[in-house]
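*Asks:* Following this message is one structure expressed as structure tokens.
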Ligand code: SAM
């Protein structure tokens with residue numbers, strides 16, 4: 001069954017955009033997923049197809065009208081697909097959400113512009129609000145593409161090796177260990193000896209330590225959650241075998 005995405009946007013030509021290339025592009029050609037971009041302007045008011053208006057309460061910028069946005073939403077057959085509005089006001093998007101979205105029938109994505117969408121339509125249509133980071137984009141299309149990319153690569157048959165989906169950052173709540181390839185020595189920097197040892201258990205142990213150290217140093221939020229999950233309440237058993245200077 002094809003995983004279906006519908007984007008509601010003022011800029012339909014932005015889809016599939018970069019997702020027409022590489023892994024996602026091949027999967028699109030193979031029919032493993034599809035994306036339809038619907039122009040919100042179609043649902044605009046009057047001869048000029050107006051989609052926005054000034055904010056009640058004053059202030060800069062324009063707000064997308066609830067009547068226009070709801071008309072677009074109601075015209076889409078959701079067919080069990082979550083309706084997601086990417087917004088900096090949303091909860092942070094996590095790999096768990098991505099797995100849930102990728103495991104379902106697809107997504108409907110509402111792409112905001114201007115100051116965003118009238119709050120009432122978000123409530124009325126039970127829209128999930130997710131943020132892709134603590135910074136402001138000029139529109140929701142790029143965020144929608146990011147979200148789609150993260151989902152599409154998890155659709156069965158899209159990634160070459162299924163293992164690469166289960167061993168990466170966040171799959172066990174930790175950041176991933178660092179990677180090295182040939183040459184073994186490059187500009188005076190050598191690959192850690194252990195990776196050349198052929199000793200699989202020792203390599204696995206080294207990678208686990210690297211994962212834990214990177215998570216502790218770069219993502220205290222993830223580290224705290226990991227400690228709580230594994231029943232540890234201090235910095236505990238993590239050795240700083242990794243070079244902290246490398247982890248900037
Ligand atoms: N006034 C809004 C605020 O401060 O929260 C920002 C509006 S932004 C200029 C326009 C649109 O871009 C938003 O409605 C949203 O769809 C999208 N957007 C911007 N930053 C985003 C982010 N970090 N994550 C997800 N979507 C984002």
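Glycine is no exception: its Cβ is also placed from the backbone N, Cα and C atoms.
Residues annotated as domain 'tRNA methyltransferase TRMD/TRM10-type' in TrEMBL: 6-224. Look at TrEMBL and you will find 112, 132, 133, 134, 135, 136, 137 tagged as S-adenosyl-L-methionine binding site. Taken from TrEMBL, the feature region 'Disordered' covers 228-248.
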*Asks:* Let me know the most crowded of the binding-site residues, choosing from 132, 136, 137 and counting other Cβ atoms within 10 Å.
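*Replies:* Top count of Cβ atoms within 10 Å goes to 132.
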*Asks:* Can you count the other CB atoms that lie within 10 A of the CB of residue 134 (S-adenosyl-L-methionine binding site)?
*Replies:* 7
*Asks:* Taking the domain 'tRNA methyltransferase TRMD/TRM10-type' (6-224) alone, what is its mean pLDDT?
*Replies:* 96
*Asks:* Would you mind checking how many other C-beta atoms are within 10 angstroms of the C-beta on residue 135 (S-adenosyl-L-methionine binding site)?
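*Replies:* Result for residue 135 (S-adenosyl-L-methionine binding site): 7 neighbouring Cβ atoms inside 10 Å.
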*Asks:* A 10 Å Cβ contact count, applied to the binding-site residues 112, 133: which residue has the minimum?
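*Replies:* It is 133 that, of the binding-site residues 112, 133, has the fewest other Cβ atoms within 10 Å.
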*Asks:* Consider each pair of residues in 112, 132, 133, 134, 135, 136, 137, all listed by the record as binding S-adenosyl-L-methionine, and report the largest Cα separation in Å as a whole number.
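*Replies:* Taking every pair of listed residues, the largest Cα separation comes to 16 Å.
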